[in-house]
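Chemist: Pasting a structure below so you can have a look.
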Amino acid sequence: MSIERLGYLGFAVKDVPAWDHFLTKSVGLMAAGSAGDAALYRADQRAWRIAVQPGELDDLAYAGLEVDDAAALERMADKLRQAGVAFTRGDEALMQQRKVMGLLCLQDPFGLPLEIYYGPAEIFHEPFLPSAPVSGFVTGDQGIGHFVRCVPDTAKAMAFYTEVLGFVLSDIIDIQMGPETSVPAHFLHCNGRHHTIALAAFPIPKRIHHFMLQANTIDDVGYAFDRLDAAGRITSLLGRHTNDQTLSFYADTPSPMIEVEFGWGPRTVDSSWTVARHSRTAMWGHKSVRGQR
């Protein structure tokens, strides 16, 4: 029994209006009203994929991990009990706020709140209308992209995400942090998406380094690059990754030290996949231009 996909992300931020402008006018998501004090944003037929609420954290507040049905949720509850992982069941108010039929609330070993849920609301009768030129995002069985989790102990995090939640290692990249220093990043999948979560001991005081959204076309990436370049947010130029071979760029969000990766064209994981190790993050490109544009 394992998690099936990443369903949603919730952020607590100091500047909600800046995030609203960023997610709609730059990234192209659709504003979708609110739930409690959180503004909601759509990327597809789901009622929401990203939530932004006011808070001093300026970081990822929670991540929603999806299973297929109530029986799968109960199997995950049993697995958590067997592993000695504390959890609570979301009450009716939280289920209504998240627009799901059931959920379990827990934390990973380093304090990131996780919500394992089933039964998300879908609203096909209200088509997704992007707020900026983008043909759409790749979601469905692969979920809403990925995020890179910053952890102090990668081995401990790996044990939790693989042995308890059922993620599987795709590969490792030894990311150069200096002339003689590298950090191994472990990339984990739970469906055809090359990685839904990556784990790395990056020396930044944030829960995540970045989150990624996958667009439908290469032109979507180009148009988004121009919008975010005009906004002065580009941190890495266009490039293609070695492991998943996504063509993408990186840009600052309104919360310091958290970036978005906007990409297209990754390869997918299937039963023939074999684990590999890479010494570079990019086949080409992804030149850092932080503070230069």
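From the backbone N, Cα and C atoms, a Cβ is placed for every residue, glycine too.
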Chemist: Kindly point out which candidate in His21, His209, His210 is recorded by Swiss-Prot as part of the Fe cation site with His146, Glu261.
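Modeler: So the Fe cation site in Swiss-Prot includes His146, Glu261 plus, from the candidates His21, His209, His210, His210.
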Chemist: Near the Fe cation site, what residues other than His146, His210, Glu261 in the same chain have a C-beta no further than 8 Å from the centroid of the listed C-beta atoms?
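Modeler: Near the Fe cation site, the remaining chain residues are Gly145, Phe147, Val148, His209, Phe211, Met212, Leu213, Tyr250, Glu259, Val260, Gly263.
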Chemist: Mind giving me a neighbour count for His210 (Fe cation binding site)? Other Cβ atoms within 10 Å of its Cβ, every protein chain shown.
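Modeler: Other Cβ atoms found within 10 Å: 21.
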Chemist: What count of other C-beta atoms do you get within 10 angstroms of the C-beta of Glu261 (Fe cation binding site), across all chains shown?
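Modeler: The answer is 23.
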